[in-house]
Every structure is written in structure tokens, then in C-alpha cells.
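> What TrEMBL shows for this protein is this:
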- B:20-40: transmembrane segment (TRANSMEM)
- B:52-74: transmembrane segment (TRANSMEM)
- B:94-117: transmembrane segment (TRANSMEM)
- B:124-143: transmembrane segment (TRANSMEM)
- B:174-193: transmembrane segment (TRANSMEM)
- B:226-248: transmembrane segment (TRANSMEM)
- B:260-286: transmembrane segment (TRANSMEM)
- B:298-317: transmembrane segment (TRANSMEM)
Amino acid sequence: MKFRLLTLTTLTAAGIAGSAFAADTVKLGYQLPLTGDTAQYGQDFRKAAEIALTEFNAAGKPFKVEIVFEDSRSDAKEGTNIARKFVDDKEIVGVLGDFTSGVSMAAAQVYKDAGMPQLSQTASHPDYTKISKYQFRNIATQAQEGPYNAKWMAAKGFKNVAVIAEQTDWGQSVVSGFSDAVKANGGTVAFSEFFNRGLKDYRSLISKLERAKPDAIYTGFFYEDGAQFLKQLQQLGIKTPVYSTSAAYSPKLIELAGGAAEGVHLTSNFLPTDPSPNVQHFVDEWKKRSDGAVPGQFPAQAYDAVRIMLAAVEKASPNPTREKVRDALAQTRDFPGVTGKTSFSADREAEKELVKVEVKGGAFVPVAD
Amino acid sequence: MNAFETAAPADGLTRRRGLLVPALILLLVFAALPTLLAGFDRGYFYQIANLALIFVLLSASMHLVTGVAGLLHLGHAAFYGVGAYTAALLTSKLGLGFTVTLPLSGLVAALVAFLVALPTMRLVSIYFAVATLAIGQMLYLVMLNWVDFTKGPNGIIVSKGFELFGFSLSGRLAAYYTVATVVTLSVIAIGRLSHSYYGNALRSIREDDQCADAMGVSTVRLKMEAFTLSAFFAGVAGGLWAHMTGYISPGDFKFSESILILAMVVVGGLGSLPGAVIGALLLILLPEGLRGLGDFRNIMVGLVMFLSILLLPKGLLGEVSALRLVRQQLGAAWRTAGPANGKGEGIGWR
């Protein structure tokens with residue numbers, strides 16, 4: 001698999017290098033974890049980026065785009081090294097990534113000084129876009145998702161809720177974004193706690209949580225932790241409804257948790273079952289490259305992030321510069337992506353439309369309320 | 001008088017030869033390398049040079065505990081983290097500059113090390129290793145979970161770069177010289193410590209701690225000192241890193257970083273300071289140099305480490321074989337308390 005991907009990239013790279021004299025080539029950088037603990041996400045992002053790039057280059061534009069992928073291993077040291085490397089390459093006019101907020105923010109310190117536009121598909125740290133005018137993200141922040149979910153749960157009549165989230169910058173923003181909104185709506189947060197990523201045993205957390213007798217549980221986790229949590233919740237026979245964020249929206253959640261995922265409510269802005277042609281095109285391309293697997297939320301965000309960046313490069317051409325690409329990115333309005341329409345606000349946050357989803361019969365099904 | 005005169009040329013010659021290598025290294029670090037860096041004028045090369053120097057300091061500081069004193073230290077990155085957090089918090093909360101935060105990073109790390117060393121330094125062998133592992137994890141979890149103070153996983157933005165009494169040193173070359181100066185001075189200090197009577201006393205703990213004890217060497221006190229000193233230099237490295245990257249989070253100081261530093265010391269050769277320096281350079285420069293290999297680069301790095309242990313059990317320049325040391329360390333766990341050593345020997349406490 002990796003062999004094939006590598007040869008593929010090398011071949012595309014070689015092909016582009018060969019035709020570089022024929023047509024103009026614009027370079028973009030993509031820093032992402034291709035190895036290490038979070039490699040599964042980085043590999044997905046590369047796949048999504050390659051789909052977007054192949055389409056763009058096949059569309060007969062006056063110039064071709066090349067993406068340089070660099071492996072950061074979700075390590076701040078490597079992330080800043082890559083950032084310096086990208087900045088040094090005068091041909092690179094824009095950068096995508098990194099995966100985690102920590103690495104994205106360490107790299108952002110370099111991009112800030114160099115004036116390089118940076119668009120992360122996943123960095124959700126509240127301060128990330130505040131670093132400088134060059135940081136953009138293509139992910140709904142918890143400041144947006146939290147109140148949306150709080151309203152949804154309040155409408156369902158859940159007044160007294162428990163919140164748990166992973167102990168990361170993102171988890172922190174899940175709890176604060178949601179809890180503030182619950183209190184503003186007149187509800188109460190009966191229990192709130194963080195757990196460390198990769199926790200194997202949630203039973204003590206669950207029993208503590210149940211002692212608070214919440215009407216519903218709001219959770220901030222990714223699919224690996226989510227599946228463990230849901231399975232153990234089922235084992236303990238607890239029927240309290242579970243709500244979650246778009247980060248848990250991955251077919252792997254259902255695959256790993258099985259029946260325990262039934263009835264989980266979450267938000268998303270990407271539905272692989274959406275009949276609109278661009279979504280179906282992406283899902284088909286993804287299936288072709290992943291042995292029939294369906295893409296989740298994150299690859300869809302990466303796919304859109306790359307396309308938003310490509311659109312900005314096109315807008316900034318001819319002769320795109322880093323500054324022109326940044327300005328073009330900032331002007332992105334109602335970009336029709338697979339994760340709905342995306343606009344960047346004045347503070348470079350992606351404004352996303354959210355969809356309500358429930359797990360029913362082993363699949364994510366959109367629900368009206 | 002005559003005797004002195006005849007002896008002088010030979011002495012002078014050896015002394016001159018002894019100074020030649022350090023002089024060449026200083027020339028390389030402070031003249032040749034900066035000239036090259038300025039010639040290429042690529043931020044990437046400066047970044048790699050600074051990062052490699054910081055890890056040289058981390059590796060050299062661990063060399064004092066693991067290489068010279070022979071104590072398996074599995075939590076070194078935590079003191080690196082304490083130093084970095086000290087610098088970051090002093091900068092973000094009190095607005096202090098690098099001139100003040102750098103020494104304090106070292107001192108706070110040393111203080112923390114001293115406090116955690118008090119109850120643990122009587123441990124020997126594998127028990128010591130497990131205790132340092134626990135210390136490392138504990139400090140990491142404090143950085144991660146004490147959200148009110150450390151901002152937890154949100155990390156801290158360090159808004160100030162390098163400076164000296166208010167003069168900015170944030171230009172590329174100035175930053176390189178800052179890191180190079182701090183690291184060189186620290187490595188010289190560590191070199192003086194490990195190549196002295198003091199260093200030999202530490203070596204005696206490595207070779208046979210009971211024998212050293214019997215000869216009147218205060219092993220517990222020496223271990224404590226070595227541990228605290230090494231934490232001081234790790235803290236200084238942390239201060240450099242915090243001001244260099246401008247953003248730190250607990251993930252930078254997790255267990256795998258301790259293992260990376262340990263690997264540097266082992267690959268370079270246990271007990272050898274040049275070895276520790278070369279080990280650090282190798283394990284920072286190799287993964288960067290192999291970027292072209294894509295997904296295979298980590299396998300290549302692993303292969304180099306594996307082969308170096310297999311073919312060079314003493315590392316590149318080591319005094320002792322890593323395998324021997326591990327066997328010695330781990331062996332104690334299985335040593336039974338027979339009649340000969342019935343007085344609690346083998347329970348990892350002395």
C-alpha cells in the first residue's frame with residue numbers, strides 16, 4: 001500500500017518535473033504525520049490531497065500544481081524543521097497542515113515571520129488563527145459546534161448533562177465551548193472531566209459520571225477512544241443517551257464499537273450518502289483508492305482544504321505569491337466543498353454548516369432534530 | 001631546574017596536541033559552520049543546526065548520569081520540559097527576557113530534580129530506572145493536567161526570542177551564536193565534571209557501587225549530585241528550545257523524547273562525552289537527511305540504531321558496553337537473597 005502510494009507520488013512528481021518546462025508549475029507544501037502514532041490520519045490526508053490534486057491538474061488549467069508532502073510525525077521539532085524547509089523553497093506559495101494543533105502552532109511561528117499562508121484541515125486550538133493573519137483552518141471550532149450541540153440537546157429536553165473529553169487542547173475547547181452554552185441556555189453541567197488519549201479502561205470514569213445522574217452525556221473524543229468508551233458503557237448496561245462532536249464522525253467508530261454505537265447522536269458537515277455530485281465523486285474516488293472504504297469527516301476536511309487552497313492559488317495567478325495567495329484565501333466565500341459551503345470569517349475561521357446525525361442500524365443517518 | 005627544562009618540551013607537546021582537537025571543534029562551531037550557514041542562507045539549515053545543538057546538550061547532560069555514573073535514566077525529557085515551561089511561564093506571565101529565564105530554567109529544573117531525588121536516589125539498578133520512569137511520567141502529567149498553571153495541553157506561546165540584557169539576538173546568525181555559546185559552555189562544564197576525580201568517583205558507582213561504598217565514596221550523595229546537575233543542563237536546553245520555537249506544549253516532553261535522548265547516549269557510546277555529542281548529531285541529522293526516502297526514513301533510522309548496537313556494543317566511542325550495563329542493571333531484579341547477601345541485597349534499596 002505504502003509502496004504503491006510512494007511510487008505514485010514519485011511518478012506524479014517525476015511527471016510534473018518533466019513537463020515543468022512546458023507549463024508553469026506552482027508548488028504547495030503539505031506537512032502531516034505520515035509515520036508515528038497519528039500516521040493513520042496523515043495517510044488519509046495525503047490520499048485526499050492526491051485526489052484533489054489529480055483532478056485539478058487534469059482540468060486543463062494554464063498551470064500545474066505540485067504538492068510537496070513532508071512527514072512531521074506529529075512532532076513539534078520536525079514540524080518546525082519542515083516549516084523552515086518550506087519557507088526556504090521560494091517556489092512554495094502556500095502550506096497545508098499540520099494535523100495536531102500543537103505542531104501546527106509551532107510551525108505557525110515560522111510561517112508568521114515568513115509571511116507564508118498556512119491552512120490546516122484540523123487544527124482546532126482557539127489561539128491557532130490568532131497567531132497571525134497567515135493562519136487559516138478548515139474545521140468548525142468548538143466555539144461553533146459546542147453551542148449548536150447544546151441547543152440540540154436542550155431541545156431534546158436534556159437539562160442536566162455530563163461532559164467528558166480527551167485531555168488535549170481540542171478536548172479543552174470541547175468542554176468550554178459546550179459547557180458555556182449549556183449554562184447560557186439555563187441547563188446545568190452535572191459532571192465534567194478529562195481523560196488521557198488512548199485510555200483503555202473507562203469504567204471508573206463511567207461510574208463516577210453515572211453517580212451524577214445526568215440526562216445525557218456529551219463527549220469529546222476521536223473514533224478510537226470513542227469506540228472503547230461506547231463499548232464499556234454498553235457492558236455496564238448504561239442507557240444514558242450519548243452526544244458527540246464531528247471529530248468522532250468516522251465509519252471506523254461503528255466498525256470498532258459495533259452495536260455499542262447504536263443511538264449515538266453527533267454533528268457532522270460531511271455525509272458520504274449525500275447524493276450531490278461532488279460528494280459522490282469524492283466518495284467514489286476515495287473508495288477506488290481504499291479498497292471500498294467510505295471516507296470520514298477528516299479526509300473530507302482535508303480534501304476541501306486542498307481544494308480551497310488550489311482555488312486561492314488559481315485566483316492569485318498568474319504569478320501567485322505568498323501574499324497574493326493569503327489574500328485570495330481570506331476572500332474565500334461559500335466555497336462549494338464536500339463538507340458544505342465554507343467561508344472564512346474576518347478572523348480566518350471556517351464557517352461551516354452542521355448536520356445532525358444518529359447511528360441507526362450500523363450507519364450514520366441524518367436526522368431532522 | 002634542569003629536570004623541569006628537559007621535561008618541558010614533552011609536556012608542552014602533549015598539552016598542545018591535547019588542545020588541538022578542542023580548538024578545531026571551537027573553530028568549526030564558531031567560525032566554519034556559521035560561515036557555511038550564512039553562505040547558504042537557508043532558515044532550514046539554521047533550524048537543524050540549532051535543534052542539533054540543543055539535543056547535543058540534552059545528550060551530554062544525560063551522559064553524566066547514564067554514561068558516567070551508569071544509572072539508567074528514563075525520565076530525562078521531563079527536566080527538559082520543566083526548563084522549557086519555566087522559561088515559557090516566566091516570559092508569558094511576568095514578561096521576563098531570555099537573559100533571566102535561561103539560568104532560571106536550569107535552576108528550577110535542578111531544584112525539581114533535587115526534590116524528587118531525595119526519596120529515590122537510594123534505589124539501585126532496575127529500581128532506579130523504574131523510579132526515573134515514574135518521575136518523568138509524573139512531571140509530564142503535571143504539565144498536561146495542571147491546566148490552571150501550565151495551560152495544560154493548550155501549550156504556551158513564548159512571545160520573546162533570544163536577547164542579552166535587552167539586545168535582541170533573534171536574527172538567524174545571532175540566534176545560532178546564542179545557542180552555540182550556551183551549548184558549548186555547558187558541554188565544556190560537563191566535560192570538566194566527567195574528566196576529573198569527581199567523574200572518576202561517578203565511574204566507580206557505575207563499575208561497582210558496593211565496592212565504591214566500601215572505599216568511602218558517598219554513592220547516594222554522588223548520585224543525587226549527578227542527577228541534579230544533569231537536570232540543570234537539561235533545563236537550560238529546555239529554556240533554549242522554548243525561546244527558539246516560540247510555542248511549547250507537553251507533547252514535546254513525553255516519554256519518547258527521553259528514549260530518544262537515551263538512544264543518543266547509547267549509540268554514541270556510554271561514558272564518552274564525544275560519543276554523546278556524536279550520538280545526538282547522528283540521531284537529529286540522520287532523520288532529516290533521509291527525508292527524501294519518504295515513509296522509509298524511520299525504518300532506516302531504526303536500522304542504523306539496531307546495527308550500531310549489534311556491531312558496536314560499546315557505541316561509537318563508548319567506555320562500557322550498553323548490553324553489559326543493561327545486564328548489570330536488570331540482573332539485580334532476579335538476584336535472589338541467598339545467605340551470602342541476605343541483608344536486603346537484591347531488593348533494590350540501599
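Using N, Cα and C of the backbone, Cβ positions are placed for all residues, glycine too.
Heads up, TrEMBL stuff is auto-annotated, nobody curated it.
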> Count the CB pairs under 8 A between the transmembrane segment (B:124-143) and each of B:20-40, B:52-74, B:174-193, B:226-248, B:260-286, then give me the winner.
B:52-74
> Out of B:52-74, B:94-117, B:174-193, B:226-248, B:260-286, which stretch has the largest tally of CB pairs under 8 angstroms to the transmembrane segment (B:298-317)?
B:260-286
> Is it true that the transmembrane segment (B:20-40) and the transmembrane segment (B:174-193) have 3 or more Cβ pairs under 8 Å, skipping pairs fewer than 6 apart in sequence?
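With 3 or more qualifying Cβ pairs, these stretches touch.
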> Any residues 6+ beyond the ends of the transmembrane segment (B:174-193) with a Cβ under 8 Å from its own?
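For the transmembrane segment (B:174-193), the far contacts come to 26, 29-30, 33-34, 37, 46, 49-50, 53-54, 56-57, 60-61, 63-64, 98, 102, 161-162, 164, 168, 199, 229, 233, 236-237, 240, 244, 273, 277.
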